[in-house]
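> Sharing a structure below in structure tokens format, with a few things to ask.
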Amino acid sequence: MSSQTKIRRNTVPMIAARKGGEPIVSLTSYHAHTAAIVDKYADFILVGDSLGMVMHGMDSTVGVPLDLMIMHGRAVVRGTQKALIVVDMPFGSYEESPGVAFRNAAKVMKETGCGAIKLEGGKRMAETIRFLTERGIPVMAHIGLTPQSSHVMGGFKTQGRDEDTWPAHIEDALAVAKAGAFAVVVEGVVEPLADEITAAVEIPTIGIGASKNCDGQILVLEDMLGLNEWTPKFVKVYGDLGPSIEKAVSDYAEEVRDRSFPGPEQVYK
Ligand code: KIV
């Protein structure tokens, strides 16, 4: 018998039960190595389709294919033991019909081993969310600023600046909760609207550029690590990975060029 105790992964009901309780910590991750670090601190990890922009240099998330999400999802599942892994459904893989959404979401779950999927949209996705959850696929919803609709929204714009639009956002939150979503990401909405949404729904709200009063928070890992040249205004940058990677690379390049690069015997520890 192994002396190592098996760490149990967080489950969907464990996250759902945190409504109004201890704040939920979450981050995105796309690889096994960063996921292994994040796993020590996060309740759930999102393999977000933001990977198209962050990792693959795309202008938006619209071009992200399903197979890419599956490849990164697998890596994150392999690198982690504790956090619930949620994989984003990319644009075009779920909107057409509940049946198409089920086929693709089932593929993601089977091929990655993740515990849940996330999809964007409020009221308009309620039927699909119900169809998936009734068939064993846990769904995290995503409302407010939904990046896959950036072409319709005219860019990545904060939602709810006009108070007249609030009822539609609150209806979105209520509709996804009623349809069976276990949590909802609330992205890029003005703070008082995010607070109203959190008060209105019985599932945890996960804020990003929304409000500190959401039931949990999520950030894109590379943004908070200071790895991207540009980060959204609302992101607190906790690390300085960009400059420290650049320093390491330039030190190495200098040593190679001036032949001070150490031989193996100087490096062996
Ligand atoms: O794709 C992503 O990383 C996301 C988060 C920003 C919530 O959806």
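Glycine is treated like the rest: Cβ placed from N, Cα and C.
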> In TrEMBL, the Mg(2+) site includes Asp49, Glu120. Which of Asp88, Asp162, Asp164 does it also list there?
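My reading of TrEMBL gives Asp88 as the candidate in that site.
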> Between Glu187 (active site, proton acceptor) and Asp49 (Mg(2+) binding site), what C-alpha distance do you get in Å?
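About 14 Å separates the two Cα atoms.
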> Around the C-beta of Glu187 (active site, proton acceptor), how many further C-beta atoms are within 10 angstroms, looking at every protein chain?
23
> Quick one: Cα separation, Lys118 (3-methyl-2-oxobutanoate binding site) versus Asp49 (Mg(2+) binding site), in Å?
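So the Cα of Asp49 (Mg(2+) binding site) lies 10 Å away from that of Lys118 (3-methyl-2-oxobutanoate binding site).
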> If you count Cβ atoms within 10 Å of the Cβ of Asp88 (Mg(2+) binding site), leaving out that atom itself, what do you get?
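Result for Asp88 (Mg(2+) binding site): 28 neighbouring Cβ atoms inside 10 Å.
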> For Lys118 (3-methyl-2-oxobutanoate binding site), which DSSP three-state class applies?
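For Lys118 (3-methyl-2-oxobutanoate binding site) - judged by DSSP and reduced to three states - the answer is strand.
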> For Asp88 (Mg(2+) binding site) and Ser50 (3-methyl-2-oxobutanoate binding site), determine the Cα separation and express it in whole Å.
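With the alpha carbons as reference points, the distance is 9 Å.
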